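*Asks:* For reference, the structure I am asking about is given below.
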Amino acid sequence: MHHHLNTLYQGQSLSRESTRDAFGQVVRGEVDPIVLASLLTALKIKGETPEEIAGAAEALLAEARDFPRPDYEFCDIVGTGGDGLNTINVSTTSALVAAACGLKVAKHGNRSVSSKSGSSDLLDKMGIKLDMSPAQARRCLDELGICFLFAPQYHAGVRHAMPVRQALKTRTLFNVLGPLINPARPTYQLMGVYAPELVRPIAETLLALGLKTGMVVHGAGLDEIAIHGPTQVAQIRDGEIREFLLTPADFGLETYPVSAIQGGEPEENRAITAAILEGRGTPAHNAAIAANVAPLLLMAGKAKDLKSAAAEVLAVLASGKTAELAARLATLSHQEASHQEA
């Protein structure tokens with residue numbers, strides 16, 4: 001580890017292999033907290049490269065609990081959190097809606113980082129069991145087209161870094177790792193980042209990790225596609241990255257103020273999500289979901305352009321069938337537990 005630190009102290013970047021080695025030691029609990037603080041701080045001050053981020057992600061994936069990966073195409077929609085704007089749970093709600101649109105979604109999530117209610121906080125309130133086994137999660141993915149993978153269940157080793165992260169009180173490499181370490185390893189992905197300068201490096205990281213199709217976005221202050229302004233996009237396709245801007249008009253949607261998608265406490269966010277899923281969402285809420293699900297439909301080849309994709313999402317929202325899917329997921333997520341108790 002000290003060899004890696006000396007490289008960083010000289011202002012040089014680590015190789016992917018070196019970073020993989022360093023973070024493998026971290027998640028196995030082999031690194032002294034003071035040394036770990038030095039590692040994270042040195043990386044932060046130098047600026048983490050895509051190779052370093054990819055190496056760290058590979059280390060965490062190598063140490064993760066196994067998930068029985070399916071051989072069909074499936075996706076994830078996830079944000080880094082940390083944008084500080086406390087909006088409604090767009091990515092979690094979008095994951096459910098994407099499944100109702102016929103996609104397969106394995107959503108990797110955790111408790112709140114930035115908003116008052118992270119994806120796991122919301123699922124808890126909806127009665128969806130967070131700590132189901134990998135086999136049961138796979139069953140949900142097969143039968144319902146959606147499963148949620150609770151990060152601490154798959155990445156237990158990350159707990160070794162938690163005291164240092166909390167003591168440092170600043171963003172570190174760990175803040176961008178969550179969306180990159182889905183243990184199911186989705187075949188395509190929409191990932192939101194908390195800062196515009198991360199869009200390109202994170203796209204390069206996903207490409208280095210072998211993602212074939214994906215999109216990294218930052219939406220005018222949000223870690224998701226914005227309905228209140230332009231969204232910076234880095235699109236991954238056929239081994240290349242293309243950068244462009246998207247506006248609500250590109251989806252055939254109106255522009256709304258960011259205040260129109262403000263979230264609240266977990267109970268309040270659950271009520272907002274329930275309304276959206278039941279077809280009672282506000283126009284702004286529906287637009288936010290449509291904008292974030294539409295690219296997934298396009299990546300999956302289920303729509304010809306973003307406007308027709310967004311229109312399809314709005315139709316699915318209006319039908320209320322996503323609420324039925326969420327209820328079935330809540331039931332199925334608990335079946336294994338009741339079976340074992342019997």
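Backbone N, Cα and C atoms are what each Cβ position is placed from, and that goes for glycine too.
Swiss-Prot lists these features:
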type	residues	note
BINDING	Gly79, Asn110	anthranilate 1 binding site
BINDING	Gly79, 82-83, Thr87, 89-92, 107-115, Ser119	5-phospho-alpha-D-ribose 1-diphosphate binding site
BINDING	Ser91, Glu224	Mg(2+) 1 binding site
BINDING	Arg165	anthranilate 2 binding site
BINDING	Asp223, Glu224	Mg(2+) 2 binding site
*Asks:* Minimum Cβ neighbour count within 10 Å among the binding-site residues Thr87, Ser91, Asn110: which residue?
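*Replies:* Looking at the binding-site residues Thr87, Ser91, Asn110, the Cβ with the fewest others within 10 Å is that of Asn110.
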*Asks:* Same chain only, sequence gap of 6 or more: which residues have a CB within under 8 Å of the CB of Gly79 (anthranilate 1 binding site)?
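*Replies:* Listed in sequence order, they are Val90, Ser91, Pro179, Met191, Gly192, Val193, Tyr194, Asp223, Glu224.
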*Asks:* In sequence order, which residues at least six apart in the same chain have a CB under 8 Å from the CB of His108 (5-phospho-alpha-D-ribose 1-diphosphate binding site)?
*Replies:* Asp76, Val78, Phe148, Leu149, Ala151, Tyr154, Gly178, Pro179, Ile181, Asn182, Pro183, Ala184
*Asks:* Under a criterion of Cβ-Cβ distance under 8 Å and sequence separation of at least 6, what residues of the same chain contact Arg165 (anthranilate 2 binding site)?
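*Replies:* Result: Leu40, Thr172, Phe174.
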*Asks:* By a simple count, how many Cβ atoms lie within 10 Å of the Cβ of Glu224 (Mg(2+) 1 binding site), its own Cβ left out?
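*Replies:* A count of 26.
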*Asks:* Is it possible to get the count of other C-beta atoms within 10 angstroms of the C-beta of Asp223 (Mg(2+) 2 binding site)?
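*Replies:* If we count other Cβ atoms within 10 Å of Asp223 (Mg(2+) 2 binding site), we arrive at 28.
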